[in-house]
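Listed in TrEMBL for this protein:
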| type | residues | note |
| --- | --- | --- |
| TRANSMEM | B:38-65 | transmembrane segment |
| TRANSMEM | B:116-136 | transmembrane segment |
| TRANSMEM | B:148-171 | transmembrane segment |
| TRANSMEM | B:191-216 | transmembrane segment |
| TRANSMEM | B:228-249 | transmembrane segment |
| TRANSMEM | B:344-366 | transmembrane segment |
| TRANSMEM | B:387-408 | transmembrane segment |
| TRANSMEM | B:414-437 | transmembrane segment |
| TRANSMEM | B:458-477 | transmembrane segment |
| TRANSMEM | B:505-526 | transmembrane segment |
Amino acid sequence: MLWLLFFLVTAIHAELCQPDGENAFKVRLSIRTALGDKAYAWDTNEEYLFKAMVAFSMRKVPNRETTEISHVLLCNVTQRVSFWFVVTDPSKTHTLPAVEIQSAIRMNRNRINNAFFLNDQTLEFLRIPSTLAPPTDPPVPIWIIIFGVIFCIVIVATMLLILSGIQQHRRKNEGPSEMEDTEDKCENTITVENGIPCDPLDMKGGHINDAFMTEDERLTPL
Amino acid sequence: MLIVEGMPLLYLELAVGQRMRQGSIGAWRTISPYLSGVGVASVVVSFFLSMYYNVINAWAFWYLFHSFQDPLPWSVCPVNGNRTGYDEECEKATSTQYFWYRKTLNISPSIQENGAVQWEPALCLILAWLLVYLCILRGTESTGKVVYFTASLPYCVLLIYLIRGLTLHGATNGLVYMFTPKMEQLANPKAWINAATQIFFSLGLGFGSLIAFASYNEPSNDCQKHAIIVSLLNSSTSIFASVVTFSIYGFKATFNYESCLNKVILLLTNSFDLEDGFLTASNLEQVKGYLASAYPSKYNEVFPQIKNCSLETELDTAVQGTGLAFIVYTEAIKNMEVSQLWSVLYFFMLLMLGIGSMLGNTAAILTPLTDSKAISSYLPKEAISGLVCFVNCAIGMVFTTEAGNYWFDIFNDYAATLSLLLIVLVETVAVCYLYGLRRFESDLRAMTGRKLSWYWKAMWAGVSPLLIVSLFVFYLSDYIMTGTLRYQAWDASEGQLVTKDYPPYALAIIGLLVASSTMCIPLVALGTFITRCLKRGDTVPGA
């Protein structure tokens, strides 16, 4: 009689938790990818912890506070490590609806991840999408601040240059203003030239031409 | 290409500017009154160029301002509405492409849909023009000082990038790829055509900016030495920059190749529930074979999703132009450590280079304007520069609309290419045959005191014009053979570029662009001829 009951229980257990079964979810862990050398081996103790975490998540759902660790069933554990799990009701006859399990796991995803030192990518619940972190938007976008700073600097520099240009213009207007443009170009050539600037003799108006100086002195004045 | 085409033409332009001591319009009018159209065409081309080129600086500013965030905004996809996954368009394309096409450009699906002016790029464009105005405000004297800064800083940044690039994982792959000559590519004439065109634009021939700058030189300046030094420096900088580019390229290709491999490994590990960490890059092929034989049905299911990862295909995805700068490089930068620093450095360098080019362009436009007595007697220099910048900025707003990038591509591809070839051809022919090679030679000897070597004479008189004519013929035949012109449009639903045909009005604008600069030469020649005939008609009866 006892053997019959035992077979019945295991048969029901096997029926409830099946790959692609109703309300069953596949879990996939990538422990070695996440932890490298510090990877721990997946054994029955880890499975017990997993069952405990799932039961904990279900207990947070209203109406399911009586979920026990024994209600969580695991099956088809592979070397990957991956397995399927279901959560049964207290009578162990049928499984809890997938929607409830989904919302429970989603709300406590962070705690479950931390228990295993994994994250959303290395501890995957297939068909349970993880909630992504919202983008941290500062009240004023950073780029506008930097743009404003540089814009103000450029405007101030432009104003300064324009004002000093106008001042120079006024000062020059008081002096001779005819040869201005060509002198401008000549002055530019002097500043642009990198070597020793030589004043072209024929460009400066009003200076004594040194080439003819000696000739003047040779002629004795009358 | 450099020796046969670049150096001789550069020397020619510098010599013309130094001898005539005027901007491009005045210089060509002095050579022959019928030829002032060449100068006008140069100014028109420079005007078109300055219209669209500053948009690149605006984009560089945009990326620069966004580089001060952690994480970089183009390295992560934004989350979708109910926070269960990433934005759909971003999933289909990569996050860098999404940032470029959606966040920066907000591009529309085709050139017909114009959309509104985007205020963010518009602000950056205004800032870019303000910066250019600040630099050219005082004329060439201030431009000269600014250029010391904008020309030397990129070298420093390139050096830093060289050191960083060579130490990156996978950089050697890119360098090996760069230095192995690909014989079938060398046999393709298109490669040589591209090299010739590249030399043209790299040296800035035909824009009038060289003549403008050279006109400020001392008459006794040795421009032959300068021409040789400048062109050699230009090419060695290109090689230096391409070493940096290819090392970063190799890093990006290796990174993509390894992530592709990792994806395949993950796919196989998950489908066959193999032990985590069992599959590595080295035993992948063996295990694939084993799985194919042991579980044939399941393997066939999974097989279509397994991508064939190859380093060569990653390296072969060559991109150029704005795509290279803003998509490929940002993708490489986001994978480096301390990516904010590298991003800031890179976009700062890009800005320096762009502003430097803009200064040359605006000098080419402003020098003829300030040289002409008509305009400069009414307005001071600052007002003329301000007006030019304002007009260009207003027109540039077109490129900040949603379809702006398509118009940018039109300008980029067609505004300068053919016109420049024609301008430089006419320049060379004019100096050699209209002005007279011997006369020019004696002018140069009077100026610099050096005799003109036979090499330059041979190049100017024969080789360079022939080369330019052949380039011209090639471009025209290429256009005639392909029939209509097409462009790449971004399809948001696919997350990819698709090829579309230009609508008729876009084709008309392309034609207008090319015609307006090339037709200047014959039209002005015709106009001068007519006015001369009229004048002769007036004076003959009088005398």
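The chain as shown is numbered from 1 upward.
Placed from the backbone N, Cα and C atoms, the Cβ positions cover glycine too.
Of the Cβ pairs linking the transmembrane segment (B:148-171) with the transmembrane segment (B:228-249) and spaced 6 or more residues apart, 3 or more are under 8 Å, so the two regions touch. For the transmembrane segment (B:38-65), the neighbouring stretch richest in Cβ pairs under 8 Å, chosen from B:116-136, B:191-216, B:344-366, B:414-437, is B:344-366. Packing against the transmembrane segment (B:344-366) from elsewhere in the chain are residues 23-24, 42-43, 46-47, 49-50, 53-54, 56-57, 60-61, 63-64, 67-68, 128, 131-132, 135-136, 139-140, 143, 146-147, 149-151, 153-154, 157-158, 160-161, 204, 207-209, 211-213, 325, 329, 333, 384-385, 388-389: each is 6 or more residues past its ends and has a CB under 8 Å from a CB in it. Ranked by number of Cβ pairs under 8 Å to the transmembrane segment (B:414-437), the listed stretches B:191-216, B:228-249, B:458-477, B:505-526 are led by B:458-477. For the transmembrane segment (B:191-216), the residues of the chain that approach it from at least six positions outside its boundaries are 1-2, 5-6, 9-10, 13-18, 20-24, 27, 39, 42-43, 45-46, 49, 140, 185, 223, 230-231, 234, 238, 360-361, 363-368, 416-417, 419-421, 423-424, 427, 467, 471, 474-475, judged by C-beta separation under 8 angstroms.
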